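What TrEMBL lists as domain 'Glycosyltransferase subfamily 4-like N-terminal' is 82-149. Residues or ranges marked as domain 'Glycosyl transferase family 1' by TrEMBL: 155-311.
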Amino acid sequence: MMNKDREMDKVIFDSRWFGQHGIGRFAQEIFKANDNFVRINLKGNPAGKFDCFKLTLYLLFNKEAYFTPGYNSPLFFLSRTYITVHDLNHIDIAGNSSQLKRLYYNFILKRACRKAKSVITVSEFTKKRIVEWSGRNANDVIVVNNGVSEAFNINATPYKNERPYIFMVGNRKPHKNEINGIDAFLRADIDKKVQLILTGESTQAISDLLIKNNALERVKFVGKVSEETLASLYKGAIFLFFPSLYEGFGLPIIESMACGTPVLTSNITSLPEVAGEAACYIDPTSLDSMKSGIEALVDNKQLQDELKKKGLLQIRKYTWDGAVNRINNIFR
């Protein structure tokens with residue numbers, strides 16, 4: 001627990017986000033380090049279609065400041081609301097969300113970003129997009145970078161796989177660009193013993209691509225994994241391949257670096273900001289660029305060692321202690 005210059009008032013913390021991927025990790029790390037946060041006494045999915053009404057009613061009877069680590073917002077009481085927007089992919093990526101979600105962003109969340117006490121986000125890239133989209137003064141949008149969780153470290157146990165492998169983390173959403181990434185891997189002029197391992201399950205489109213290329217044995221899906229297994233998968237990989245078309249931050253980059261594993265990632269959105277000079281970059285819209293990036297890194301031990309050293313230095317910028325300090329300063 002950090003020392004405080006003065007005591008903070010109690011703040012209602014929307015703990016309903018716990019356990020939901022990147023936002024869940026952000027929520028848990030921020031909450032557990034601050035005694036002034038009080039868990040919200042409200043059930044249900046904070047991203048549910050009726051939650052803005054439930055939350056507004058709750059805050060009518062609970063007068064403390066309200067902090068959400070996610071993108072849910074009340075309709076009123078915004079002057080005591082602190083909202084977190086991790087990215088604007090629902091707005092920026094065509095076809096990436098339902099019409100209802102886009103309406104929520106354009107009418108409720110945009111208004112909340114303009115009127116909330118403060119808006120928190122996780123990268124300078126996303127801050128710039130929030131300011132452009134909502135019209136909020138840039139001084140009121142505060143960047144609080146994600147940190148690296150303790151499970152991801154240089155001493156993680158390498159994943160046991162019969163063949164050397166490149167690792168991809170994703171969720172089959174179109175902006176993760178996984179089909180094109182797999183296609184680039186299959187086209188790359190590399191040792192065919194090298195596998196590509198992905199988290200999650202395959203899809204029909206991916207299966208069709210693998211069958212077409214007679215490559216079912218070259219790509220492996222490991223399903224949903226624990227944080228410990230995820231760290232092992234990073235640690236055992238030749239490198240992380242993260243060809244995303246859009247990220248608000250890019251947690252897999254710093255998780256991989258923390259495990260001492262090189263990173264090959266996209267040269268757009270937040271990814272160059274987060275990875276700095278500690279990664280190799282590709283154009284995720286170009287199969288040739290991705291293919292060349294894979295070929296250039298897979299057997300280059302000197303480059304891999306250089307990226308490993310740079311990555312371990314780069315992740316010093318991303319600590320949960322630092323994130324907690326910045327959050328606490330907002331409430332002082």
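Each residue, glycine too, has its Cβ placed from N, Cα and C.
The average pLDDT the prediction assigns to the domain 'Glycosyltransferase subfamily 4-like N-terminal' (82-149) is 96. When the domain 'Glycosyltransferase subfamily 4-like N-terminal' (82-149) is classified with DSSP, helix, strand and coil residues number 35 helix, 10 strand, 23 coil.
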